[in-house]
Amino acid sequence: MVSTTGTGSITSFFAPKKRKEKEGSASSPSSTVTTDAEPSSTNNTSNDCSEINPYKRAKKEESSKSVGTTDNNNGEQDPVSVLLTFLAASSTEEGCWRAALDKHFTSKSFEKLAKFVASQRKSATVYPPPADVFSALTLTPLHQVKVVIVGQDPYHGPNQGHGLCFSVRKGVAIPPSLKNIYKELQNDPNVDFSGGMPTHGYLERWTRQGVLLLNAVLTVRRGEANSHKGKGWEAVTDEILRVLAKNHKKSGQGLVYLLWGKPAAKKIETVIGSSGKNRVIISTSHPSPLGATKTNSPFLGSKCFSRANEALVEMGLEPIDWNVDGELAGSRKKKEQVDV
């Protein structure tokens, strides 16, 4: 038993590619949550994803910029195809997510969302760029997810949002919320967060270890926070969370949810419930300066990162190295094998 307290049709275009035969088959308090968790093997992966390399991101081919089918006599690209270009056309790394979400991607509601995003890109600047909209999925394959962090919508400044919640590209000023995230990591005595305060806010290293950095809404107009709220993205990310929970329930692999702020906690509770087998929920206030020290479950001082790792270990999973720089142990081992 692990107890955590809030102190803390569109046709075959989207079908997974066939493999070659030789490859083989601002804040609020949250309630206390108690969940059951049983040990699970880290090798519990679905057959469809067994050969996926979690350390290699799909390359974005130049030609993919023009990928898309036409839906009228004027030669305009189908908005759904355009929106899904970088999720549907690149590599097997994305295959599991794509196949699992196909039913939603072929729905009328998603078609409506795709048309909205397309119209927005024609009339305004929209973030993140098309290649990064589904980065949370392309960087963290379905069967590799161990930790889920839920954000609200992308950063709405130039060059900030790139598809991962709370993360910004290198060279961009670290946002206040992420500074508090780093501060919490530095002050957690049970986390090895070395090297002082990071000089960038790029969290891709987390995703390569199984941390799904998912915003509730995946696009936004420049300079207008929440401008794409209520346009259909919430249904997409709800389905992502359902698919994830269903997949892990089937495989027996555990999941840890780090929920910061009332919106994140409410989304998870609404979509999958607040308790369940092989599931640990750690809730705190939001890390923004407006909420990081407030409520009965403040983010700062919550030790949420070390608590997440403790839960992972108890479920038989590898803990997360929360540093944002440095080569990962798995990458080093793989490189050594290649060198030999």
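Every residue gets a Cβ built from N, Cα and C, even glycine.
Sequence-distant neighbours of ASP153 (active site, proton acceptor) (same chain, 6+ residues apart, CB-CB distance under 8 A): ASN215, ALA216, VAL217, LEU218, THR219, VAL220, ALA225, ASN226, HIS228, LYS229. Feature annotation from TrEMBL assigns active site, proton acceptor to ASP153.
TrEMBL lists 1-12 with the feature compositional bias 'Low complexity'.
What TrEMBL records for 25-50 (among others) is compositional bias 'Polar residues'.
According to TrEMBL, the compositional bias 'Polar residues' annotation covers 65-76 (among others).
Here TrEMBL flags 138-312 as domain 'Uracil-DNA glycosylase-like'. If you average pLDDT over the domain 'Uracil-DNA glycosylase-like' (138-312) in this model, you get 95.
Per TrEMBL, the feature region 'Disordered' maps to 1-78.
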